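So the structure is just underneath, and the comments pick up after that.
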Amino acid sequence: TMRGLNARLKGFLEQVSKLQEDNQRMEAQIVNWGTSRSHDWSQQEEAVSQLRAQVGKLLMENAQLALQSDTMKSRAAAIQARCEMEERNTRCLEQQVDLLRHSKKKTEQSSMKLQANIRHSAAELQEMKQKFEVTEHTLRVRYHIILTKILDVSRNTENSVRKLSQRAFVLQRSVEELKSISASDASLPTQEEAAWAQVSLNNAALREAWAELAEARKQWHTLQVEIETLHALEKGLETSLQNTQQLYSSRLQDLSQVISGLETELEQVRMGLATQRQRHNQLLNTKMKLEREIATYRRLLEREEGSRYRGHDGQPARLRPWRSFMEETREGNVVQESAEGHGTIE
């Protein structure tokens, strides 16, 4: 833009120098023509010199105003380009905000689903724990009942065994006594047979008592194995519950961190959008101010032209116009503006 302004200023100065040469040539012609006719042109020459001075002054003022107008227009074009860039950045940021809001919505939905799953799993674990506690209590009661029965059976069996052993011992002594007596008395074989039958019955009862004791011990060992299995199952369920709670707590912590990060990023984007809007408004205000200043310069230029460029008879003099062009590209359309100055009087 500055190179273009320098080029236009150079062209304007060249045109001014050319006009000055034309004026000097015309002045020489007027002097020659005046000397040939020997008339007194002093008043006309004074008026012409005043007009030339006014024309030169107005040309310089016009050039300065044109330069200032071009500078303002270039600044306005730069501000317009910056405004467009800020608008593009604002649109990009708004798209990013929409994406972040969509991501936050998805994250909140997944978080709600995970929380629902956690609540469902916690309810299932609580229900399993309650069932396990009920089962454990039932098995403990059964274990105590069966253990009491086994102890009672074992005590009764041991008492029966002791009694049977004592009876067997008594019967054996009786048999031995009978044998010793049978040697002297032949009338006692029936008593001996009865005693041996009683001994056989007592031996059978003793075997049955020992079998019942073995069965009770077997049941007691089976219950011990079941109780150990239930204890192992309880420990496994408690470990699974702790692992599940740790897993869901870590997932909730990660989701909380992600949500807090997204909220922080969304807040930063909102602050950036507010800053971009503020800068955009400032640029628009500056652009409008520059446009008003340019319009003011144009009105002043037109007013100056209307008040000063007039001839001796009150009619406006015809001046040779000069033009400088500035092209601005706005949204793909080329807008051409021209600033007009004035040359010498024709």
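Heads up, the Cβ atoms here are built off N, Cα and C, so glycines get one too.
Because TrEMBL annotations are produced automatically, they should be read as predictions rather than curated entries.
Quick caveat, the model's predicted, so the values are computed rather than measured.
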| Listed range which TrEMBL flags as coiled coil, given the options 63-97, 133-167, 273-307 | 273-307
| message | If I go by TrEMBL, the feature coiled coil sits on one of 2-29, 170-197, 198-225. Which? | response | 2-29
